[in-house]
Amino acid sequence: MSVTYNEVAVRDTGEVVLSLTGINKRFGAVQALTDVDLTVRAGEVVALVGDNGAGKSTLVKTIAGVYQPDAGVIEFAGSPVTVAGPAGAQHLGIATVFQDLALCDNLDVVANLFLGKEHSLGPLMNEVTMEREAWRLLRSLSAKIPSVRIPVAGLSGGQRQTVAIARSLVGNPKVVMLDEPTAALGVAQTAEVLNLVERLREQGLAVILISHNMADVQAVSDRIVVLRLGRNAAEFTTEEATTDQLVAAITGASDNVVAQRAARRAGPAGHPGHSEGEQ
Amino acid sequence: MTDQLTNQPAVDAADERLVRVVSPGDYLRQLAGRLRGGDLGMLPVIFGLVAICAFFYSQEPTFLSSRSLVTMTLYAAPLGVIALGIVLVLLLGEIDLSVGTVSGFTSATTAVMFVSHGQPLALSVLAAIALGALIGAGYAVLFVWVGVPSFVFTLAGLLAFEGALYWVLGDQGTINLPRDSGLPEFTRQKFLSDGQGYALVAVVVAVYVGSRLWTIRQKRAAGLTPPNLLGVIVKGAALAIGLGWLTYYLGIDRGWGYLPVLFAGLVVLMDLLLRRTRWGRYVYAVGGNEEAARRAGIRVGLVYGSVFVLCSTFAALGGVLVAGQLTTVSQSSGTTDTNLTAIAAAVIGGTSLFGGRGSAYSALLGILVLQAIRTGLNLMNVDSDVRLIVTGAVLLLAVAIDSVARRARSSSGRG
Ligand SMILES: Nc1ncnc2c1ncn2[C@@H]1O[C@H](COP(=O)(O)OP(=O)(O)OP(=O)(O)O)[C@@H](O)[C@H]1O
Ligand SMILES: [Mg+2]
């Protein structure tokens, strides 16, 4: 990985910003989430990992107000809240990059970035300040976007993803949730997103990061929460977790000592993040 | 970082892949590229309008006489108002099939209140408009809360409000508005004087150029590429000459009627609302990707609701204006081809049936095309059956252009 990462332990843990207890969510015959707990503190990056269909996106959408949980309590800054809808989540200061990006193809980059949070100039929108701010945000992500006045449909997959990430930074969020933000990104842009995650943490924001890339997860997160089949499967402090342990927890082999050993032996010796994770 | 930005000439022109537009040649090349990419905008309809006018002029030179043009602007306006509402609904990817009968029903209400019950004219007109808004609110409830598709409830409305029209008219069948009352006067006999016409043109041009100059200043101050000053001047001059000449030419006969001026004002107002306000932005967003709009925190139901209310309100206003123009309300008010004309106008004007793409000006251009066809064929003494066939063909052509453009867009990345 090209990202340098050090000084994990110098931060003191902030207060709990977001806390979920006993979240259940069911889609017809599918119980997507069962009694899921999750806690995020200010200035902390929590990685949410799990296999495909583990329920990660469902959990994120529940926090973002897209879905209503069937049961469970969401506490924000210490008090229980109902996130009635996406507007409610925004109002609380929860910003989300959705896995499917949720961009309007017919609108240009500026319009997408500020959708729902337009700058006003009397009764009208202030296009000039929005455009200027758009360039600033995109620059900070090393975005390679030729023009912010072209419809989003004309952008490449990675450019669209960058726009979606930049959008989560508009306004002053307290919690930023990134659902596979680097899936389509190039090397430099991935590094920028990881840098961004670290900057957000330094600014005292709470970050929830979903990724299938264990190297990225281990590079930037403080804690790793593993979901499996819609349940809390394991939780690690990033410094203590090895890649193999993570993989085992994700695939469901952690409760089986033999499988765990086998997985460990089969894994290549010089796994990234392996050596510094071990004590 | 911010300081860095201010030192650079323009933050938005830094990417080397960006095709720079400096000379008029660049501008034309960019335009050609846009067209090839399916970003047609209103060019097909402008081209079509010119072709139609040229054709009818070659057949019957009086087609472009001042008198004929003035009459066209008068007759186009009320249906244009209805088409304006259709544009809004289409922008959301929905449809309203009932604007015709809603316009008939509400105008009948005005006529009954004003003529049969002797209520003040203003009150009668306001009642019709309020009734239109109420119908739209009903549609909004059906759509947002009950979840009925717009095609279905407006089809129901199409039938129901025709029934309501008969019911309101009772056994009278036809109600004539006194020709010297305010409504027929406004729609038929009120015209701007030459001086007023030129003054209006001057104001329009001044506002246009002023707002562009202001944008240039703002953008320059923010370190962004400002619009080309020469381009603004050229466009402003073209606007001044075009509108000025039109005012002169219409002035040979009666000049600008109050009615077309009202319609044009509504078009400009809706264009401003759509392009420059949050509400308009949300209309496009919901039309483009409803789920994305919802996740951005937009109250999608309110957007749908406001548009259905506006559409029915425009239908009611248009109906009242038609009634004033014909000085009569009858059982056929709004039923014959009002729906067809209003919906066709919006589509012909370039508003996409697929949602999220279009402009308030498409109501203006579309209704001009249809009115030109109607007037031209009338002058050539062609029966209305031919007119319907021609109108249908033009509509089909417009939808075909829309569909082809959509395919070109998806292959050239313009959404
Ligand atoms: N809208 C929905 N309707 C029905 N079922 C759903 C819906 N959304 C998610 N599910 C189901 O819930 C489960 C969890 O899905 P989710 O999208 O949360 O997985 P994920 O962990 O994000 O997976 P991935 O890594 O592939 O993104 C899946 O079994 C999926 O089929
Ligand atoms: Mg997912």
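The count begins at 1 with the first shown residue.
Cβ from N, Cα, C; glycine included.
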From B:97-115, B:363-381, the residue range that TrEMBL assigns the feature transmembrane segment: B:97-115
Same-chain residues at least 6 beyond the ends of the transmembrane segment (B:121-144) whose Cβ lies under 8 Å from its Cβ atoms: 94, 96, 102, 105-107, 109-111, 113-114, 150, 153-154, 157, 161, 181-183, 301, 304-306, 308-317, 319-320
Outside the transmembrane segment (B:256-274), six or more residues from its ends: residues with CB under 8 Å to it: 70, 73-74, 76-78, 80-81, 84, 87-88, 91, 186-187, 190-192, 197, 200, 247, 250, 280, 283-284, 314, 321, 325, 359-361, 363-364
Closest-packing stretch to the transmembrane segment (B:302-326), where packing means Cβ pairs under 8 Å, from B:40-57, B:97-115, B:386-405: B:97-115
Seg_contact(the transmembrane segment (B:197-216), the transmembrane segment (B:151-169)) with at least 3 CB pairs under 8 angstroms, min sep 6: no
Among the ranges B:40-57, B:151-169, B:228-250, B:338-356, B:386-405, the one whose Cβ pairs under 8 Å to the transmembrane segment (B:69-92) are most numerous: B:338-356
Sequence-remote partners of the transmembrane segment (B:386-405) [C-beta within less than 8 Å, at least six residues beyond its ends]: 38-40, 44-45, 48, 337, 340-341, 344, 347-348, 350, 352-354, 366, 369-370, 373-374, 377-378
